[in-house]
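Novice: Positions annotated as substrate binding site by TrEMBL: HIS15, ARG55, TYR119. Per TrEMBL, domain 'Transthyretin/hydroxyisourate hydrolase' is recorded for 8-121.
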Amino acid sequence: ADGMSEVGKGTLTTHVLNTATGLPAAGLGVRLAQLQEPGLQWMELAHRHTDADGRCQPLLAPGQAKAGTYKLHFETAEYWQGMGHTSFYPFVEVVFIITDPAQKLHVPLLISPYSYTTYRGS
């Protein structure tokens, strides 16, 4: 099947929580890229900043998702610097595979200056 037949109605969202304060991480930069063949190069698809609730507009709107490998890049160093802290992790990258483009995917990130956790949300 060609790529167009693999496009679905799913969306991709994220939410970032500052676990040091227990509050949403507002103003944190988030980039989405997809691994492209040939050559296995990352192509950036979206760049957003989290809002006051630690969320941003969907990174993939309905109809944009395709089966493939994706990467969320969270710009944590700039966020922590803005909060007056240093961070052990200058950025966090979460690589994942979309196998069913019709699914709604949610990839939350929990951060502190010295740790992070992610999981497949709902």
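Cβ coordinates come from backbone N, Cα and C, glycine included.
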Novice: For TYR119 (substrate binding site), which residues in the same chain are close in space, meaning a Cβ under 8 Å from its Cβ, but six or more apart along the sequence?
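Specialist: The list for TYR119 (substrate binding site) reads VAL107, PRO108, given in order along the sequence.
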Novice: Using an 8 Å cut-off from the Cβ centroid of HIS15, ARG55, TYR119, can you name the remaining same-chain residues around the substrate site, in sequence order?
Specialist: THR13, THR14, VAL16, LEU17, GLY54, HIS106, VAL107, PRO108, LEU109, GLY121
Novice: Please list, in sequence order, the residues in the chain of ARG55 (substrate binding site) that are at least six apart in sequence and whose C-beta is under 8 Å away from its C-beta.
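Specialist: Listed in sequence order, they are THR13, THR14, HIS15, VAL16, PRO24.
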Novice: Among all the protein chains here, how many other CB atoms are within 10 A of the CB of HIS15 (substrate binding site)?
Specialist: 17
